[in-house]
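Colleague: Please find one structure pasted underneath; my questions will follow.
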Amino acid sequence: MGCGGSAPAEAVSAPASNGAGNAIKAGSAYESRNIDQEMERAKAEEEGKIKMLLLGAGESGKSTIFKQMRLLYGTERSDDDLRMYGVVARSNIVVAVRKLCSHLRNLGLEEELDRESRENEELEEGDHSSMTCRQAYDELMAYLVDNTATASAQDPMADMGGKKDWVGQSPRAGLAANNDAKQFLAHHESIRILWQSNTMKQVWAKRSAVNIIDSHKDYLNDISRIASPDYRPTTQDVLIARVRTTQVVMEKYRIDNIDFEMYDVGGQRSERRKWIDCFDQVTAVIFVAALSEYDQTLAEAKRTNRMVEALELFRSVCNNRAFSNTSIMLFLNKKDIFAEKILYSDIAAQRPFCDYAGPTKDFDHGILYFIQKFKDCLIDDDFNDSFIHVTCATDTNNMEFVLDSTRTIIMTDVRHACLYFLNFFATETTILISEFKKVWLPWC
Ligand SMILES: Nc1nc2c(ncn2[C@@H]2O[C@H](COP(=O)(O)OP(=O)(O)OP(=O)(O)O)[C@@H](O)[C@H]2O)c(=O)[nH]1
Ligand SMILES: [Mg+2]
């Protein structure tokens with residue numbers, strides 16, 4: 001199957017084997033019947049299992065939904081896991097700061113930063129703990145962006161008052177992330193000061209051009225906590241941590257006596273050739289697209305609009321023969337960021353969406369417009385609104401509701417598929433799955 005990866009969230013026992021001590025006697029009819037029965041049972045188990053695939057472009061939120069599944073139905077994370085996410089969180093901050101500082105310079109806002117620093121000093125406002133926002137910026141540019149610093153950075157441990165850092169280093173996070181996490185500890189005070197400046201607020205408002213992960217604002221608002229030696233990532237920190245998926249990962253769950261296999265794949269273009277490895281016997285596909293990315297371009301192809309890419313990908317998934325008998329759910333994700341972004345970034349101002357005729361700054365009209373765009377990708381009209389959810393993958397309450405109703409739809413769909421085939425053989429007409437879909441309530 002080509003699945004790499006993570007430890008299963010819940011240990012689901014493999015079909016019982018004959019056991020090491022039970023050597024099978026050749027020619028024994030009894031043993032042979034046992035094996036047959038065992039194989040039948042394993043086959044029935046395999047057939048009863050629900051296989052769900054998360055598909056979508058990079059950064060749409062697939063792995064975040066995968067994490068929510070574990071949170072809702074799986075086991076708790078180990079300390080080792082949390083340490084890895086601690087390193088990832090710190091390195092995510094450094095990645096964001098590099099982009100923000102470079103963007104500040106490209107936007108020609110350095111003078112603005114100078115002026116803000118002078119004004120703060122004159123008015124005795126701002127954060128006077130150690131440096132001005134301009135000094136903080138210069139330090140970050142020298143150490144994190146341009147690498148022009150000659151003096152070595154302050155020892156990160158000196159700041160911790162001799163206390164051991166709980167997160168420390170995590171080999172699982174990789175070398176680059178560990179190095180960035182170290183940089184974070186050395187420069188967290190400058191990051192905090194620069195982040196609080198008004199100039200940085202202007203840069204943040206123009207972040208679409210440099211693909212910054214919006215949810216990392218929560219990290220930036222909480223620098224001191226994350227820099228503390230006692231820092232232990234919270235559930236929310238884990239949810240917003242960004243690690244690009246580079247292999248197919250599968251986790252198993254047993255929910256209400258039904259076995260689920262959930263697959264997460266990498267969504268960036270270079271990762272998609274691996275998808276085919278898990279296209280066999282899929283019960284349901286959850287296609288994830290980020291609503292908020294209508295004004296952004298791909299990380300891997302700077303000229304391609306992310307929403308256009310998601311629509312094309314959705315079209316090819318829906319019309320793929322491998323999924324002709326598969327339920328496809330559409331999760332229009334990142335509704336929280338969409339709600340915020342719609343207030344200052346006009347949909348119609350984006351070239352691919354210049355046909356948007358609804359009012360500006362209008363969440364509902366914006367969402368209905370994009371739903372229609374996704375529906376337009378389908379060859380036939382066999383896609384009911386109940387299969388579309390507008391989601392916020394970082395919100396556990398929202399995901400609990402969405403994943404629960406998705407599970408119900410899939411399970412009912414499976415039952416009806418069985419019913420259909422039973423009745424087909426009895427030459428009776430029964431409800432078609434496509435018809436059945438139509439009775440579900442609209443999306444929420
Ligand atoms: N605010 C907000 N952030 C989200 C939401 N969904 C995902 N994110 C964040 O977006 C970033 C990317 O999400 P991932 O789940 O890693 O995206 P992915 O689809 O797995 O990306 P690939 O692995 O590259 O395919 C993460 O930092 C998430 O925390 C959402 O609904 N709201
Ligand atoms: Mg991922």
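Backbone N, Cα and C atoms are what each Cβ position is placed from, and that goes for glycine too.
Sharing the features that TrEMBL gives for it:
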- 59-64, 214-215, 239-245, 264-268, 333-336, Ala393: GTP binding site (BINDING)
- Ser63, Thr245: Mg(2+) binding site (BINDING)
- 1-17: compositional bias 'Low complexity' (COMPBIAS)
- 1-21: region 'Disordered' (REGION)
- 111-130: region 'Disordered' (REGION)
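Mind running through what each feature is packed against?
Modeller: DSSP classifies Glu59 (GTP binding site) as coil under the three-state reduction. In this view, Glu59 (GTP binding site) is surrounded by 24 other Cβ atoms within 10 Å of its Cβ, with every protein chain counted.
Within the same chain, residues at least six positions away from Ser63 (GTP binding site) with a Cβ under 8 Å of its Cβ are Leu54, Val243, Thr245, Asp264.
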Colleague: List, in sequence order, the same-chain residues at least six positions removed whose CB sits under 8 Å from that of Val265 (GTP binding site)?
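Modeller: Spatial neighbours, sequence-distant, of Val265 (GTP binding site): Leu53, Leu54, Leu55, Lys62, Thr245, Val248, Val249, Glu271, Arg272, Lys274, Trp275, Cys278.
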Colleague: Those binding-site residues, Glu59, Ser63, Thr245, Val265, Asn333, Ala393: which ones have a Cβ sitting under 6 Å from ligand 1?
Modeller: Glu59, Ser63, Thr245, Asn333, Ala393
Colleague: Listed binding-site residues are Glu59, Ser63, Thr245; which sit with C-beta under 6 angstroms of ligand 2?
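Modeller: The binding-site residues passing the 6 Å Cβ test are Ser63, Thr245.
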Colleague: Please work out the number of neighbouring Cβ atoms within 10 Å of the Cβ of Thr245 (Mg(2+) binding site), leaving out its own Cβ.
Modeller: 20
Colleague: Tell me which residues of the chain lie with their Cβ under 8 angstroms from that of Leu239 (GTP binding site), as long as they are six or more apart in sequence?
Modeller: Thr64, Lys67, Gln68, Leu71, Ala393, Thr394, Thr396
Colleague: So, three-state DSSP: helix, strand or coil for Val265 (GTP binding site)?
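Modeller: In three-state terms, Val265 (GTP binding site) counts as coil.
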Colleague: Please list residues from the chain of Asn333 (GTP binding site) whose Cβ is under 8 angstroms from its Cβ, counting only those at least six apart in sequence.
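Modeller: Listed in sequence order: Ser60, Gly61, Ile65, Val288, Ala289, Ala290, Leu291, Thr391, Cys392, Ala393.
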